[in-house]
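Here's the structure, in structure tokens; my notes come after.
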Amino acid sequence: MKLLEIQSSVRLEKSISRALSHEFIEALQNSHPDFHHQQQDVGTNPPAHPTELWTTANYLPPESRTLEMATILTESDRLIAELLWADRLVLGVPMYNFSVPSTLKAYLDNIVRVNRTFTFDPQTHTFQGLATGKKAIAIVPSAGNFVVGTPLGEMNFCDPYLRSILGFIGIEEVEIVPIPNQFMDEEIRQQEVATARLNLMNLAASW
Ligand SMILES: Cc1cc2nc3c(=O)[nH]c(=O)nc-3n(C[C@H](O)[C@H](O)[C@H](O)COP(=O)(O)O)c2cc1C
């Protein structure tokens, strides 16, 4: 198993997405003797946003790029190589203003690149993901309850976005483990954590 862990909470010790991701990864490590693990902490160390030069460079074939263009794509190239290396992704994705943290969006802007993680066929106007053969789990805590299917679930732009963007680059198997109600009474909060932990341990046994 080659696992890429992507964390996007700005919190460290207090982060529930980080804590449960680590429990899940530990469970996987214990059951997979051939276990390799890379970490990408975009919450504390976000990648640079794309710029005009970056965008121009991205749409040119590598042999036509200037040195400056090649240099500006270095970070994105490194992130893509790491993503393509992995066969499993574990994402810690706290809900921030009903969507994913902006740092994770910056990461996605760096790794969703034509001819690297997807292709576009101008004849048929179709897209094809290139980051195939992977599964992903996203652990999504939130202060309130915005779980899809509940009364406020339509405000949840994390789950549909993560499924769409990961599916677009070829990662179709996406499990979302929500941890709602994290700003509620301690008893309710802990109950949600226990439910998510149980879900994760069940997933770890078959993932
Ligand atoms: C900038 C910011 C925006 C947030 N927006 C929402 C939100 O839209 N809905 C919600 O339920 N919780 C929101 N929260 C609360 C977090 O989702 C919640 O604290 C979660 O537990 C954070 O994940 P972590 O424990 O891994 O750090 C927000 C927190 C921050 C810092």
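Cβ coordinates come from backbone N, Cα and C, glycine included.
TrEMBL annotates S15, I16, S17, M95, Y96, N97, F98 as FMN-binding residues; of S8, S9, the candidate listed for that same site is S9. Neighbour counts were taken at the CB atom with a 10 A radius for the binding-site residues Y96, F98; the maximum falls on Y96.
Residues S9, S15, I16, S17, M95, Y96, N97, F98 are the ones the record ties to FMN, and the longest Cα gap between any two of them is 17 Å. Residue density at I16 (FMN binding site): 20 other Cβ atoms are found within 10 A of its Cβ, drawing on all protein chains shown. When other Cβ atoms within 10 Å of the Cβ of S9 (FMN binding site) are tallied across all protein chains shown, the result is 25.
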